[in-house]
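Only one structure is covered here, and it is reproduced in the block below.
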Amino acid sequence: AVIGRYKLSVQSTSSGSSSPASLGTFVLLFNPWSSGDDVFMPNKAECEEYVLEEFGIIFAGNKNHINSFGWNFGQFQGDILNICLSMLDRSLNYRKDPATDVSHRNDPKYLGRVLSAMVNANDDQGVVLGNWSGNYEGGKSPSSWTGSGEILQNWKKSGFRPVRYGQCWVFAAVLTTVLRCLGIPTRTITNFSSAHDADGNLRVDEFYDASGNHLDRAADSIWNFHVWNESWFSRSDLGPSYSGWQILDATPQEESGGIYQCGPASRNAIKEGDVDLDYDCPFVFAEVNADCMYWNYDTTTGKKTLMFSESTVIGQFISTKAVGRDDRVDVTNDYKYEEGSKKERDTFKKARRKLGLEDKFDPTAPTPQEIDQKPDISGRFKVAGPLEVGKDLNLILVLANLQSDAKTVHVNMTAWSTVYTRRPVHEIWRDSISITLSPKEEKQFPIKIPYNGYQQQLTTDNTIQVTALCHVEGGIQVLVQRDITLDNPAIDIQVLGEAKVNKEVDVEVTFTNPIDMEVMDCVLQVEGNDLLRGILEIDVPPLKASEKSSTKFKLIPFETGPKHLLVNFSCDKFADIKTFKMVNV
């Protein structure tokens, strides 16, 4: 049956031709507990997590340093169901042809695709407007949200004007809320070192100039992480082996069928390299499998030379929250065969063949000679100290001569603040050195970027990309780079006493200013389903160097059971310090 709002009336046979009496309306949803439903999920614990659970954990950071934060999906709060239903009636498909659109609302793959388009604002005045510039004036910074409820309510209150601003986890979290609300089991997935392959060749090209600056000139990119969704339903269009988890992505990256939507792509199809199946499998396959080419680009002549290529960096530590626990589960093996195995390379070749890339000459691709070049030196950045906002950043550049004759190397180094998509925003630091490495010698060069050197330039993502471009005399250039995510200082929540329904309980949030300057404009934002209504905002007085602040407020819980309290603390020096606490009511 088609999901949505139904009118229910009763007609009595004895009263002859009198008009039926209305009993009111009800809403029909998908039912994952029912074995006849397209979304049937046999495991009850999974139904609890992926449909009924209103709290989630989203993973972020980078592959060297995974962090996480809580999110309030809130799919059963207040007006959310009405807003989700009105999303369906605002889609392009419904506006074009209401009757046909409604007749397809029994099909989770149809609704998943339509909603992946409606969650972003592109094309259809959907829910959230994306912004990856690092400047979020005129709206809320993407990292400041703690739940979907505020976003969906704001969208409705403004007369359905897109809410500013979101990035991938916001789109994915809102889509999770909407699909769980409608009864489709859904979860968020984080992919580290995620490829955005804009031209569909399963290859991502990155360009660097002679100084080592990462040039923002290619449509392709490699994100530190990207968050999308998986929803559980059967694929009658593809056959039973492609049923189960389906990938949907509401982040507007590339158009599909002329609009910004993505999926559903069967996860089994991705793993097997069946990229010719509906929908958008080549894009998703590239996100977890693309090969990377790193080029040196001469900005005066436009000539590019390949520095090196990698086939194992993309798609690492693919993560989701565990069922019934607050832990990370790694699902990389559900997306691909083990990196470097023959099976994995065969699947990649099969995907290239299905996309017609095997036989087509690609003038932009590196030649076999270029790919076979062997560098004379190797390099890496080692971390030599804490990676924390407010502390100096200490690294060591390690260079090793791989040859049995001496090498002279000129090294150009840069550090840029970036957004999590690795898009460069501000230059922070640059330096250059010339060195000679004896045969087989390894040398270490300490690098220090003081806090006051990066503090002004840092984005709310706390990410810095450090690059060393090594020009080896008589040899090929070697690129050494590292993406660094700095941790925010910690914040602590204590519930002072026992939480009981309809009884006041005190909560204390403490924060210690870790830097030797005053922090100002401090705001604490608190939300939690069944613990408080709406969002609590508290202004916190400025904090001097090393000063500790304690903020107390009261909750009156109105439901029993395990509930989650989410806290977000911001000030002029630290953006969006998040934590959460489970409160047993």
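Counting begins at 1 with the first residue displayed.
Each residue, glycine too, has its Cβ placed from N, Cα and C.
Because TrEMBL annotations are produced automatically, they should be read as predictions rather than curated entries.
Keep in mind it's a predicted model, so treat the numbers as computed, not measured.
The active site annotation in TrEMBL covers Cys168, His226, Asp249. What TrEMBL lists as Ca(2+) binding site is Asn289, Asp291, Glu339, Glu344. Annotation source TrEMBL lists domain 'Transglutaminase-like' at 160-252.
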Just checking, which of Asp291, Glu339 (binding-site residues) has the fewest C-beta atoms within 10 Å of its C-beta? Glu339
Spatial separation of Cys168 (active site) from His226 (active site) - C-alpha basis, Å: 6
Taking the center of the Cβ atoms of Asn289, Asp291, Glu339, Glu344 at the recorded Ca(2+) site, which other residues in this chain have a Cβ no more than 8 Å from that point? Ser311, Thr312, Ile314, Gly315, Lys336, Arg345, Phe348
Using all protein chains shown, find which of the recorded positions Asp249, Glu344 scores highest when you count other CB atoms within 10 A of its CB. Asp249
Taking all residues of the domain 'Transglutaminase-like' (160-252) together, what is their mean pLDDT? 96
Euclidean distance between Cα atoms of Cys168 (active site) and Asp249 (active site), Å: 9
Whole-number Å only: compute the distance from the Cα of Cys168 (active site) to the Cα of Asp291 (Ca(2+) binding site). 22
